[in-house]
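Trainee: For 23-46, 58-76, 167-187, 199-219, 247-266, 286-303, 315-334, 340-363, 375-398, 418-439, the entry in TrEMBL reads transmembrane segment.
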Amino acid sequence: MRNDVENDDDDDSYPKPVGRRCVFYYGVGHMLNDITAACWFTYLLLFLTEIGLSPRDAAIAMLAGQIADGFATVFAGELIDRFGHFKVWHGAGSILVAISFSSVFGGCLPCKILASCSSVVETVSYSTSAAIFNVGWAATQVSHMSMVNCISLNSSSRVVMTSCRNAFTMVANLSLYAVALVVFSSIKATTHADIENQYRWIAYTSIFIGCCFVGIFHLGTKEPRLKICVHGTSNARIAWAYWFKKVLYYQVGLVYMLTRLVQNVSQVYLAFYVMDDLQMAKSAKALVPAIIYMSSFFVSVIMQEMSWTGQRLKAYYSAGGILWVFCGAGILFLPRNMSAFMYVISVLIGIANALMTVTGVSMQSILVGSDLNGCAFVYGSLSFLDKISCGLAVFALQSFQSSSPKTEEALSTDYISVTRYGLGLLPAVCSLAGVAITYTMKLQTQDSKSLMEPLLE
């Protein structure tokens with residue numbers, strides 16, 4: 001059932017903006033997830049193919065993780081709505097992420113136990129590690145994303161906190177590439193053991209950096225409490241059917257799914273595109289992503305200083321989507337002898353990613369509104385679509401990649417590789433579809449008068 005709130009003419013009952021310190025503490029809470037996710041999407045396929053797995057088997061390992069992540073988000077959302085305690089779920093998920101992530105890049109333990117290097121054993125081993133890691137990742141993500149709605153009912157504050165979170169996502173990505181650059185420069189890989197050692201150090205360092213920020217988040221952020229004045233009961237859980245009857249639920253779900261497809265699939269194929277298609281210098285493998293995330297960081301910081309309405313969210317999302325369409329077209333047809341233009345495209349991709357991600361996630365806050373007792377389910381169920389679709393998209397592209405010709409003729413100027421489709425065409429199509437769906441939305445920001453006590457105590 002929906003929360004019915006009492007009207008109050010007292011101006012003090014309006015939701016007030018949260019302070020900058022609260023925004024900062026909230027924003028750093030997803031750093032561990034972000035830095036491990038950056039490593040997951042950027043280097044997992046590279047790592048697995050470098051140690052001998054076929055592109056299809058590598059994609060199976062990623063798909064297993066994405067499927068586990070998808071189902072875990074739904075269950076985590078339901079349990080958080082039932083029992084609350086956002087910080088407990090966040091902390092438990094973070095611990096599981098920290099423990100399990102090193103095993104994703106830590107070599108095949110069953111292979112050593114069974115004394116077998118079978119591709120089947122390797123694929124099962126890495127798929128299992130990926131699934132465990134993603135279960136912890138999902139618990140942390142859902143608790144952190146849904147928490148923003150219980151910290152403040154102020155629409156602009158919710159967008160500001162989401163923007164700050166996105167800014168630290170960029171910091172996490174930049175930190176990863178800085179670590180990777182140092183590791184790849186310091187440790188030369190000549191054998192499978194050397195390759196595993198490289199990625200193991202990247203994983204350990206990423207975990208350490210992320211855990212430091214998780215500690216800051218838990219020390220600085222208090223457990224949010226639902227303080228909504230309701231007729232009858234204050235903690236009645238909202239049934240799933242309530243959300244399924246909302247048209248906006250499906251619209252926001254599709255937009256969020258398409259936005260994550262744009263960001264994640266492009267991140268997976270960026271390194272392949274820079275090195276294989278454009279044949280740029282090895283430093284470009286770190287420099288191009290760094291430019292993207294620096295650009296996104298600055299845009300995210302600027303977006304924190306703005307006031308937001310539903311129409312402004314739609315306008316900025318559409319601007320980012322249209323910008324990605326042009327970037328996708330450039331990537332699809334960029335010739336190798338003009339590879340320097342990739343640096344310009346990288347700046348535009350960073351701007352587009354920030355515009356789409358911040359506004360796409362903020363649309364979920366508008367969907368939730370003041371219905372806080374079902375917010376975790378909303379974030380969990382919408383993330384389910386994101387995780388499954390991303391895993392299937394990468395699996396499909398990698399399956400085709402395994403049968404793609406790799407001769408010199410295949411690399412001629414009139415050949416469009418699977419990597420170009422993954423980095424250029426798919427994100428452009430998803431962006432255009434997201435813009436079309438956003439145009440049909442009716443987003444209304446309602447700063448209700450239901451706030452009787454501070455949500456953060």
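FYI, residue positions are counted from 1 along the chain as it appears here.
Every residue gets a Cβ built from N, Cα and C, even glycine.
Just so you know, TrEMBL annotations are computer predictions that nobody has curated.
Show me how these features fit into the structure around them.
Mentor: Tertiary proximity for the transmembrane segment (23-46) is limited to same-chain residues at least six positions away from its ends with a CB under 8 Å from its CB atoms, namely 55, 58-59, 61-62, 65, 90, 94, 97-98, 101, 104-105, 130, 133, 137, 140-141, 144, 147-148, 151, 157, 160-161, 164-165, 167-169, 171-173, 175-177, 180, 199, 202-203, 206-207, 209-211, 213-214, 216-217, 220-221, 264, 267-268, 270-272, 289, 304, 394, 398.
Nonlocal intrachain contacts for the transmembrane segment (247-266), taken as residues 6+ away from its ends with a CB within less than 8 angstroms of a stretch CB, comprise 41, 317, 324, 349, 353, 356-357, 360-361, 363-364, 366-367, 378, 381-383, 385-386, 389-390, 393-394, 397, 422-423, 426-427, 430-431, 433-434, 437-438, 440-443.
Sequence-distant contacts of the transmembrane segment (315-334) (same chain, at least 6 residues past either end, Cβ-Cβ under 8 Å): 255, 262, 273, 278, 303, 341-342, 345, 348-349, 351-356, 358-360, 363, 416, 420-421, 423-425, 427-429, 431-432, 434-435, 438-439.
Residues 45, 55-56, 58-60, 62-63, 65-67, 69-71, 73-78, 80-81, 134, 138, 141-143, 145-146, 149-150, 238, 240, 243, 249, 252-254, 256-257, 260-261, 264-265, 268-269, 364, 367-368, 418, 421-422, 426 of the same chain, all 6+ positions outside the transmembrane segment (375-398), place their C-beta atoms under 8 angstroms from a C-beta of that stretch.
Listed as Cβ neighbours of the transmembrane segment (418-439) (distance under 8 Å, sequence separation of 6 or more from its ends, same chain) are residues 251, 254-255, 258-259, 261-262, 265-266, 268-270, 272-273, 276-277, 314, 317-318, 320-322, 324-325, 327-332, 352, 356, 360, 393-394, 397, 400-401, 404.
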Trainee: For the transmembrane segment (167-187), find every same-chain residue at least 6 residues outside the stretch whose CB is under 8 Å from a CB in it, and list them.
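Mentor: Residues 27-28, 30-31, 34-35, 38-39, 42-43, 194, 197-198, 201-202, 205-206, 209-210, 213, 286, 289-290, 293-294, 296-297, 300-301, 304, 354, 357.
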